[in-house]
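A.B. asks: Okay, these came from TrEMBL:
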- 12-29: transmembrane segment (TRANSMEM)
- 49-70: transmembrane segment (TRANSMEM)
- 111-130: transmembrane segment (TRANSMEM)
- 142-162: transmembrane segment (TRANSMEM)
Amino acid sequence: MAGGSDWREYAFYFLGYAVLGWMLESFYNRYSAGTFLKENFLKGPYKPMYGFAPAVLVAAGGTSLSWYLFALLTLMVPSAVEYASGVWLNRCFGRGWWHYGNHRFQWGGHICLRFSMYWWALSAAVLLWLQPFMSSLYAGGAPLWNTLVPMVLVLLAADFAWTWRVRRRPAAEFGGDLQKG
């Protein structure tokens with residue numbers, strides 16, 4: 001880990017960006033579909049994909065990377081996270097929460113060039129402009145965050161465990177086909 005940071009700092013970034021991602025996606029859904037909330041994989045107000053990609057990028061060096069590596073990683077990491085998440089969700093639960101099959105230059109319906117470009121721009125913006133604020137926020141309250149972060153991670157794990165248990169039930173228990181989604 002870069003700069004002597006420990007796991008709680010990266011977990012803070014993960015959680016912060018996961019909540020911000022939930023907000024971003026909710027506003028996008030409001031704009032594009034007319035409703036603020038849509039079904040999410042987890043019940044809480046967070047989107048782990050939005051937390052995982054920035055935390056990985058910060059751990060990889062963030063803005064201290066060469067411009068070439070910065071550009072490459074801000075494109076590849078979020079796209080890889082989205083692809084892996086889509087494949088995993090489909091294999092584990094028999095459905096997807098997004099599908100890019102009707103987009104040009106898509107791969108398995110899990111990622112497409114258009115949204116990869118959005119994630120690229122968003123990742124670069126996060127590292128350049130939002131991450132300095134997040135770093136200051138963490139540094140200004142590290143003792144508090146170091147206490148709260150593990151507790152919030154326990155809640156996230158409980159949400160995941162509940163979701164895993166409920167969503168892995170056979171389709172017949174839900175009265176429908178899990179392939180539809």
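Cβ from N, Cα, C; glycine included.
Note that TrEMBL annotation is computational and uncurated.
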A.B. asks: Residues sitting near the transmembrane segment (142-162): Cβ under 8 Å, six or more positions beyond its termini, same chain?
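C.D. replies: Those are 8-9, 11-12, 15, 42-44, 46, 48, in sequence order.
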A.B. asks: Could you pull out which residues elsewhere in the chain have a CB under 8 Å from any CB of the transmembrane segment (49-70), counting only those six or more residues past its ends?
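C.D. replies: 1-2, 5, 10-11, 13-22, 24-25, 77-78, 81-82, 85, 119, 123-124, 126-128, 131.
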